[in-house]
Amino acid sequence: MPLNRVREAIEAIKKGEMIIMMDDEDRENEGDLVYAAAFSTPEKVNFMVSEAKGLVCVCVTSTCSDRLGLAPMVRENNSQHETAFTVSIDARECSTGISAFERDLTIRKMVDGTSKPEDFVRPGHIFPLIAKEGGVLVRTGHTEGSVDICKLAGVAPVAVICEIIKKDGHMARRDDLMEFAKEHHLKIVYISDLIEYRMQNEMLILIKERSEVEFLGKRAERYVFQDHHRREHTLYAFGKIIDNSLVKYHTVGKDLSLLESEKKYSTLMQAIKKIQEENGLIIFMDTPQNAAPQIKDFGIGAQMLRFLGIKNFRLLTSEENREYVGLSGFGLNVTEKIVLQGGPIQL
């Protein structure tokens, strides 16, 4: 069923049709209208504005963003999902830029491979979003999902998306979206579907090293993985790896923030002690300096667990309300969340 949904969505995108994209089939989530920018028309833009009512955005690759000179909207992105907005733009030929016709003009110029930065003015009425390299296998967002579906359809990887809002002004949820799809004859695809579809043939990690080591006084199996950016991530497994193991992810920066914060240090030490006691796994994820961990940016760590044959796991976390979208697409399931409270600890 998930793979059939992806195939149907791909065919719809190829034909220039709109689809609805949601996170997971079994979650109460929001949805976006999506279509390939290569097939943009004023009528499609007007449908988004009048029927979906959300913000019309255009999702692009980093290559396209660089070519068009799209600078980040803010220097420090502290939004909940760290959505990669750039400065808004209009095509230079636009007057106000807000009509469906002029927004369509801007969209079509964005997908035109000959367009240059000077062909646009800033700010404007189209909001570009930059998809992460690696797509939904790295970040499970609608930005990445919409670009991925365009790539899978064999069209230019530029997608137009818009959140769907109900007539009463609230966000449309699963049942509302199902009704919307039925009313307008639209296909539905989930981020988790795309992950599962791509995982049939793709893997963004490789294992570089496996060895027996001593980790803070206890024997462990160490696995070193390399991702598509050539960053290395290290996993320590204490005892035999079994299904429903206790797992902790820890983001490793290149600075000394861990030593500068007693709370961060204590929380990590508490996590290590609990993982060792329960023969679990701790994964140290390498990230660029000063890059904050993103809520949806966990695909590489998910692939590491899948590589080791884990399907179900208990998650040790310091963020009780953090959501992990699309896990089912990786063949993973969090059976329990155990929340850490940082504080003094004796090892």
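The count begins at 1 with the first shown residue.
Glycine too: its Cβ is placed from the backbone N, Cα and C atoms.
Taken from Swiss-Prot, the feature D-ribulose 5-phosphate binding site applies to R27, E28, D32, R139, T140, G141, H142, T143, E163, supported by similarity to another entry. The Mg(2+) 1 binding site annotation in Swiss-Prot covers E28. Annotated Mg(2+) 2 binding site per Swiss-Prot: E28, H142, in sequence order. Per Swiss-Prot, region 'DHBP synthase' is recorded for 1-200. Positions annotated as region 'GTP cyclohydrolase II-like' by Swiss-Prot: 201-347. Marked as site 'Essential for catalytic activity' by Swiss-Prot: H125, E163.
In the structure shown, the C-beta of T140 has more C-beta neighbours within 10 angstroms than that of any other entry among the binding-site residues T140, H142, E163. Secondary structure from DSSP puts H142 (D-ribulose 5-phosphate binding site) in a helix. Per-class residue totals from DSSP over the region 'GTP cyclohydrolase II-like' (201-347), listed helix then strand then coil: 33 helix, 54 strand, 60 coil.
Across the residues of the region 'GTP cyclohydrolase II-like' (201-347), the predicted structure has a mean pLDDT of 82.
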